[in-house]
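Under the heading domain 'GH16', TrEMBL lists 1-219. Residues or ranges marked as signal peptide by TrEMBL: 1-29. Look at TrEMBL and you will find E105 tagged as active site, nucleophile. Look at TrEMBL and you will find E109 tagged as active site, proton donor. The N-linked glycosylation site feature in TrEMBL is assigned to N113.
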Amino acid sequence: MQSKMPSLKALLLALFIIAVVVDQRFVEANFPKSMYINWGAHHSSFAGNGEDLQLVLDQTSGSAVKSKRSFLFGSIEMLIKLVPGNSAGTVTAYYVTSTGDKHDEIDFEFLGNVSGQPYIVHTNIYTQGNGSREQQFYLWFDPTADFHNYTIHWNPTEVVWYIDNLPIRVFRNYEKDGIAFPNKQGMRVHASLWNADNWATRGGIVKIDWNSSPFIARFRRFRARACKWDGQVSINQCATKSPANWWTSPSFNQLSSNQMGQLNWVRQNFMIYDYCKDTKRFNGQIPPECFKQQF
């Protein structure tokens, strides 16, 4: 009777294929291995066996890191503990971006405030160099007391911003209707802490109190479950529907009914600005995506 057990050769081949897929789709992102300090090196430090990152801002400089690799589609997540106390005028940023005048970008920015006043979560998306798509939220927790998860998820269908696994914003792909979508450029992951007191708090009215410095933002457990960018060939490779490209699964084409409930709860209770409703800003010419169903 012929054995139905797989041969050792077949088993080893299967393990090799799995290893390649994992290598291409997941970055177990120890900070020093996956990122480098590109600004304010004397203000940045890694700790916790590379799992923790600390960025510092004082009167001499802010600080920033960015990933060594670029990605196209997938999920980028980070645990962040924001600057405590009087953080007015400071901005802690966490985003993905390409380069050049026609760059794509997906943003989380956290606008500091005076002690006792809430942080503002400032989100934006750039396509082909065009931004001006800001939506802002208050948080439903103290983001300085502990670490919280902030995730950027994007695939050929939509971009979703998550906070602690709750969706807060969606930007869907309407490229067929002439609305640009970030699907043709690899983007690196960035994190920074910088002086933005010309606009960040009450439109720049409240300035940084340097007596409260140094300002410290802490980051932990950076994970990139995403398609590594290897040039133009990645445009099709990363968008192809396959088990390895898990983000192309139909389950990620649209929010579930439960996620829709979470999204509506956040937007009804904590959203404070939506560019789609700012008619004065655009002189009545609201951007075309505002008339499309986003979720």
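For all residues, glycine too, the Cβ spot is worked out from N, Cα and C.
Features per TrEMBL, on structure.
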| residue | record | Cβ neighbours (10 Å) |
| --- | --- | --- |
| E105 | active site, nucleophile | 19 |
| E109 | active site, proton donor | 20 |
| N113 | N-linked glycosylation site | 19 |
Whole-number Å value for how far the residue listed as 'N-linked glycosylation site' lies from E105 (active site, nucleophile) (Cα to Cα): 25
